[in-house]
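Features reported for this protein in TrEMBL:
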type	residues	note
BINDING	CYS125, CYS140, CYS167, CYS171	Zn(2+) 2 binding site
BINDING	CYS125, CYS127, CYS130, CYS139	Zn(2+) 1 binding site
BINDING	CYS130, CYS167, CYS173, CYS177	Zn(2+) 3 binding site
DOMAIN	1-34	domain 'Chromo'
DOMAIN	123-185	domain 'Pre-SET'
DOMAIN	188-311	domain 'SET'
REGION	311-376	region 'Disordered'
Amino acid sequence: EFYLVKWRGYPESENTWEPRKNLRCVGLLKQFHKDLEQAWIRRDGKPKKNARWLDQGVANYVVQKAKQRRALWRWERQLNAKRNHKGRIAVENEVDLDGPPRGFVYINEYKVGEGISLTQVAVGCECRDCLAEAAGGCCCPGASRHKFAYNELGQVRIRAGLPIYECNARCRCGAECANRVVQRGIRYDLCIFRTPNGRGWGVRTLEKIRKNSFVMEYVGEIITSEEAERRGQIYDRQGATYLFDLDYVEDVYTVDAAYYGNISHFVNHSCDPNLQVYNVFIDNLDERLPRIALFATRHIRAGEELTFDYNMQGECPPGGPGPTAWGSPGVGSSPLMPSLLPRSGPGGRREHTDGLQPGPGRRPGRLPQEAGADRV
């Protein structure tokens with residue numbers, strides 16, 4: 001057996017044919033034969049044993065797969081170089097020849113768009129033990145007349161719809177405070193992977209995740225709702241959107257994660273999700289600009305895909321409640337979003353479980369405060 005070898009640091013014009021005995025790269029050889037087997041299966045529907053030569057189509061596939069793998073490896077390194085969180089990011093595509101998405105920039109926090117400013121919090125708590133003193137109304141949640149959101153393990157213990165107020169940069173407590181969870185960033189190792197059923201990229205966890213644990217934030221570029229409407233029309237024509245309305249109290253701002261975002265950019269939709277959205281306030285207390293945090297709704301096994309309900313209403317597209325790709329991760333774009341979200345009800349009107357209907361110009365899939373979830 002002879003192998004055509006591309007030598008590291010040399011151009012392809014310097015490739016050489018080498019016998020098996022000259023090669024010490026056991027891992028690369030195993031990967032080559034795995035790719036070769038997949039190439040035969042793609043072409044003939046079954047692996048081919050003891051092939052004496054490769055036809056052009058099979059050879060081209062193996063070469064393209066090797067180039068793709070290098071491109072994904074470089075992208076994985078870039079993502080991990082840019083992350084500021086503990087959890088590592090892996091990238092995997094064993095499905096097709098698609099490489100890294102073009103034009104996507106990994107960021108760790110909101111990118112503030114033109115004409116928008118974030119007002120930093122002016123005061124912080126004086127607590128020494130925020131968890132212990134929360135019962136007396138001390139700490140940041142109590143100051144805002146809200147419940148302390150976490151238990152001693154950092155798991156969220158308030159229902160979805162209630163806001164989370166974490167300690168901020170002006171608080172006396174330290175980095176290990178029980179009320180600093182979302183701001184510590186992603187703690188789990190996650191994998192961006194190519195889904196085998198045509199849903200594009202997805203995200204799965206490489207570690208088990210406990211119920212009610214923080215998993216990730218949904219970050220992107222903060223833009224005005226007017227700009228979101230303009231971009232939404234463009235995204236609708238492209239068949240994908242990453243717009244997420246920040247309408248906890250007022251529909252003024254939207255997060256656009258199309259080109260600037262973190263790993264949440266690749267999380268798929270499910271109407272039976274394992275992640276739940278919460279509004280979080282830390283260094284900016286403007287209720288029009290919450291941070292969007294995703295917490296586990298149940299125990300999640302290592303290797304399981306992560307999903308959340310883009311529409312927040314539990315509506316399923318035809319085919320059942322499993323993970324789907326309604327366009328792309330995100331919510332809302334143009335009114336009623338006809339090309340991306342399924343509809344039901346008279347006249348194509350989407351039914352909401354809380355009995356509310358989208359008004360003129362209202363984008364579906366937003367984050368209204370939970371009914372009855374008033375301040376306590």
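The backbone N, Cα and C atoms fix where each Cβ goes, and this holds for glycine too.
Here the features listed in TrEMBL are painted onto the structure.
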residue	record	Cβ contacts under 8 Å, 6 or more apart
CYS139	Zn(2+) 1 binding site	CYS125, CYS127, CYS130, GLU133, PHE148, CYS167, ASN179
CYS140	Zn(2+) 2 binding site	GLY124, CYS125, CYS130, TYR165, GLU166, CYS167, ASN168, CYS171, ASN179
CYS173	Zn(2+) 3 binding site	CYS125, CYS127, ARG128, ASP129, CYS130, CYS167, ASN179, ARG180
CYS177	Zn(2+) 3 binding site	CYS130, CYS167, CYS171
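Note: the domain 'SET' (188-311) comprises 18 helix, 50 strand, 56 coil (DSSP; helix = H, G, I, strand = E, B).
Neighbour density for CYS171 (Zn(2+) 2 binding site): within 10 A of its CB lie 21 other CB atoms from the protein chains shown.
Annotation: CYS167 carries the greatest number of neighbouring Cβ atoms among the binding-site residues CYS125, CYS127, CYS167 [cut-off 10 Å, Cβ to Cβ]. Apart from CYS130, CYS167, CYS173, CYS177, the residues listed for Zn(2+) 3, the same chain places the Cβ atoms of CYS125, CYS127, CYS139, CYS140, CYS171, ARG172, GLY174, ALA178, ASN179, ARG180 within 8 Å of the centroid of those Cβ atoms. In the shown protein chains, 25 other C-beta atoms lie within 10 A of the C-beta of CYS130 (Zn(2+) 1 binding site).
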